[in-house]
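Copied over from TrEMBL:
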type	residues	note
BINDING	Met6, Gly7, Leu8, Gly9, Thr10, Val11, Gly12, Lys13	NADP(+) binding site
BINDING	Lys101	NADPH binding site
BINDING	Glu186	L-homoserine binding site
ACT_SITE	Lys201	active site, proton donor
DOMAIN	340-414	domain 'ACT'
Amino acid sequence: MKIGLMGLGTVGKGVVHVINQNGDSIEKRIGEKIEIKKILVKDAEKKRSPLVEGKLVLDPMEILNDDEIDVVVEVMGKEHPALEYIKKALENGKSVVTANKEVIARHGKELIKLANEKKVSLLYEASVGGGIPIIRPLKQCLAANKIYEVKGILNGTTNYILSEMKDRGMSFEGVLKEAQQKGYAELDPTDDIEGFDAARKLAILCTLSFNKYVVPDDIYTKGISSISKEDIKYAQELGYTIKLIAYGKIYENEKLEAWVHPVMISKESPLNGVNGVYNAILIEGNAVGRLMFYGQGAGMMPTASAVVADIIDVVNHIPGKNGYEDADIIPIQDTVSKYYIRLIALDKPGVMSKITGILGNEGISLVSVVQKEVHEDAAEIVLITHHANTGRIFKALDEIKNLHEIYKVASIIRVEED
Ligand SMILES: NC(=O)C1=CN([C@@H]2O[C@H](COP(=O)(O)OP(=O)(O)OC[C@H]3O[C@@H](n4cnc5c(N)ncnc54)[C@H](OP(=O)(O)O)[C@@H]3O)[C@@H](O)[C@H]2O)C=CC1
Ligand SMILES: N[C@@H](CC=O)C(=O)O
Ligand code: NA
């Protein structure tokens, strides 16, 4: 499977990294090697990674007219000339993967029609929520539902700015600069700050969720440029957090409400804890109920994760192109965990030392021990172990169970701390 990559910025570099890092395991999984054959850039003088040596081109036609290239991956950004390149690729019978929300939100309808006519794929998972899987779940896993409502934090840059202003008392300009350095912001950060990027993403989500074609111009859009440190302080005093929210709802009369606006979010809302570059999307469907999708909405590797998954999806739709190896499952006895153990024992001196002795022989040490009387002659003993080999825990419990002072091993629960 030969790829033509258009763009080698934050996302393009991520795609090169992921394919370089995970190429072998991907090949094993899908039965096909993904090879980046050519990469389109604008600036021939920029210093680039040795990984892309010999692949760079400045003329888009070198990719679009290359018969060996099966998939064009557009990660250049901006509406033009990306739109024209995507169209040309589809016309030439190539599948297209793109992260470009501007192009999909404005021209998705005609592009999907063209892809269908040409019997090729047009995939755009990275266009909404970066690394969060949301497009494919809406198209496939939730297809049985009537979706009523879509609500979320859809822009990583503005969420990062608002979180950092609140938590570190940073200035708007200072945090924006950080977001740009981290590769979160659009080329023109006004797109992020004024809410246009979130509106493009909301247009895509509303179209998929409500089955009505929604474009960014339909969406009332207000960004965060007027949010000051004072607003953030007052919000905290009043028990709220300010978030840039994108909201879409379909009413029974089939009318839609769709807007992007700063919102005072109460402490109880699941969106309140979504901080930094993280995005979250809440979906309400009539069969599935409420769902929340959460993850990094921008950045090199999370976004590349979605782009490369789309490339894999193209391969998976070629008949006979996937295969799985047999799984080698680690026996539960060989796994390691802390354990909570509750025992019912005879309330008599010496019982505890027998129990700790058996555990000690298996190299199991204890974080805590609690003992309570439950009857005249019975006590409940609750132990929390340090990390231990599960096989040794089982062996020790078998021995403990057989002590005549033990009535029963009432519970064994794994303990996790993160
Ligand atoms: N950054 C992120 O976290 C996310 C980005 N996206 C989307 O992904 C896309 C790419 O974003 P990002 O990687 O951040 O963008 P960058 O600005 O970092 O990179 C753009 C790349 O495209 C190349 N390029 C731009 N215009 C042209 C042109 N006309 N001809 C040839 N090459 C061109 C640039 O070339 P050169 O290197 O020579 O300058 C550069 O390599 C955008 O649509 C964005 O909205 C989606 C999700 C998350
Ligand atoms: N600029 C965007 C990038 C991802 O789509 C954002 O900050 O969310
Ligand atoms: Na996504």
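In case you wondered, yes, glycine gets a Cβ from its N, Cα and C as well.
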Translate the DSSP assignment of Lys101 (NADPH binding site) into the three-state scheme.
helix
Summary of DSSP states over the domain 'ACT' (340-414), given as helix, strand and coil counts
23 helix, 34 strand, 18 coil
Cα-nearest neighbour of Gly9 (NADP(+) binding site) within the listed recorded positions, Lys101, Glu186, Lys201:
Glu186
Under 6 Å from ligand 2 by C-beta, which of these binding-site residues make it: Met6, Leu8, Glu186? Sequence order, please.
Glu186
By a 10 A CB contact count over all chains shown, which of the binding-site residues listed here is most packed: Met6, Leu8?
Met6
Looking at the binding-site residues Gly7, Gly9, Gly12, which one has the fewest other Cβ atoms within 10 Å of its own Cβ?
Gly9
Specify all same-chain residues, apart from the site residues Met6, Gly7, Leu8, Gly9, Thr10, Val11, Gly12, Lys13, whose Cβ lies within 8 angstroms of the center of the Cβ atoms of the NADP(+) site, ordered by sequence.
Leu5, Gly14, Val15, Val75, Met76
Residue among recorded positions Lys101, Glu186, Lys201 with Cα closest to the Cα of Leu8 (NADP(+) binding site)
Glu186
How big is the Cα-to-Cα gap, in Å, between Glu186 (L-homoserine binding site) and Thr10 (NADP(+) binding site)?
10
Rounding to whole Å, the Cα atoms of Thr10 (NADP(+) binding site) and the residue listed as 'active site, proton donor' are apart by 19
Would you mind pulling the DSSP three-state label for Met6 (NADP(+) binding site)?
strand
If you average per-residue pLDDT over the domain 'ACT' (340-414), what number do you get?
94
For Lys101 (NADPH binding site), the nonlocal same-chain Cβ neighbours (under 8 Å, six or more residues apart) come out as Tyr124, Ser127, Val128, Asp197, Arg200, Lys201, Ile204
Reduced DSSP assignment, the residue listed as 'L-homoserine binding site':
coil
